[in-house]
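Asker: For reference, the structure I am asking about is given below.
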């Protein structure tokens, strides 16, 4: 499997629960390296731009409101099959349907406050990484 990079966001609900370190441990335990990270409090404009693909969906306003409700932790993960590996670690979008031991099963409260975001494909990952790390201050190690 190829070395890939993927974008991960620890959402406001998980940041508020003080579980960033526990989530990072899961990434690293699965063989993923954190090659860039920063904490941010997204502006409405940034959240709307980042989630623009969902603009026509009925949940868009609530998603944006949630994502600007508190700080988020944004990171780039790197490793073999990083995109799929991260999605497996996250679990199903709805934490009630997520397998036991996944990030969402353990830390998420609802389908809206679901603890984490992860890129769903290589093309999406490239766009999402460039959105949050435009200077490409991402370092392989």
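Indices start at 1 and increase along the chain as displayed.
Using the three backbone atoms N, Cα and C, a Cβ is placed for every residue, glycine included.
Annotation comment: Swiss-Prot describes 11, 59, 87, 93, 104, 114 as ATP binding site. Residues or ranges marked as active site, pros-phosphohistidine intermediate by Swiss-Prot on the basis of sequence analysis: 117.
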Asker: Hey, does DSSP put residue 117 (active site, pros-phosphohistidine intermediate) in a helix, a strand, or just coil?
Answerer: strand
Asker: Output, ordered by sequence, the same-chain residues six or more apart from the residue listed as 'active site, pros-phosphohistidine intermediate' with a CB under 8 Å from its CB, or 'none'.
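Answerer: Those within reach of the residue listed as 'active site, pros-phosphohistidine intermediate', by Cβ under 8 Å and sequence separation of 6 or more, are 7, 8, 9, 11.
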Asker: Within the chain of residue 93 (ATP binding site), which residues six or more apart in sequence place their C-beta under 8 angstroms from its C-beta?
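Answerer: Spatial neighbours, sequence-distant, of residue 93 (ATP binding site): 104, 111, 114.
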Asker: Output, ordered by sequence, the same-chain residues six or more apart from residue 87 (ATP binding site) with a CB under 8 Å from its CB, or 'none'.
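Answerer: The answer is 118, 120.
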